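Since the structure comes first, as structure tokens, the remarks are kept for the end.
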Amino acid sequence: MKLGMARGEVCLRVSAILVLVLTACLVALDTQTKVVFVSIEKKATYKDLNALKILVYVTCAAAGYNLLLLCKHSIWSRKNFKGSYLCMAWICFSLDQIAVYMTFAANTATMGAAVLAISGSEAFQWLKVCDKFTRFCVEIGGALLCGYAASMLMALISTISAYKVFRMYSPKWFLRLKSA
């Protein structure tokens with residue numbers, strides 16, 4: 001069971017890294033140039049919207065974190081590590097939770113900004129940007145789908161981390177470690 005769970009966690013982490021990198025690349029490399037007025041060109045990039053910049057930073061950080069944990073897993077699987085497994089399990093569980101929530105929050109904030117770009121807001125006199133930059137908006141939508149898929153993968157990873165932490169505690173006594 002432990003070997004199967006370890007393989008599953010590695011597969012989930014690799015999948016999450018790939019989807020997170022795909023999300024960051026889709027957002028960061030997405031540009032579209034349109035002629036706005038006779039000879040004036042406007043270029044839409046991810047730098048035009050702070051939510052898109054934050055999404056790129058958060059997804060890159062989450063991918064890096066998952067890559068570090070893959071390295072930790074490969075080092076610990078080769079050597080017989082006799083450290084505080086409980087402490088490391090709690091740290092990994094907490095960081096997994098933070099990574100999931102940050103990725104989900106960045107995707108949701110970007111989704112809110114994307115809705116404003118699609119529909120505009122007459123009260124704030126914001127124009128519908130996606131009428132002019134359709135391809136840009138479609139690619140950002142694809143990136144958001146990838147981002148939410150990555151959030152779901154990382155939530156599954158977090159459940160495995162939770163299992164690793166709480167299996168060490170006694171089912172009969174509240175927060176008491178199992179006796180060896």
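First residue shown is number 1, and so on along the chain.
Cβ coordinates are placed from backbone N, Cα and C, and glycine is handled just like the others.
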In Swiss-Prot, Met5 and Phe37 sharing a membrane side: no
Sequence-remote partners of the topological domain 'Extracellular' (30-50) [C-beta within less than 8 Å, at least six residues beyond its ends]: 56, 110, 113, 117, 129, 132-133, 135-136, 139-140, 143
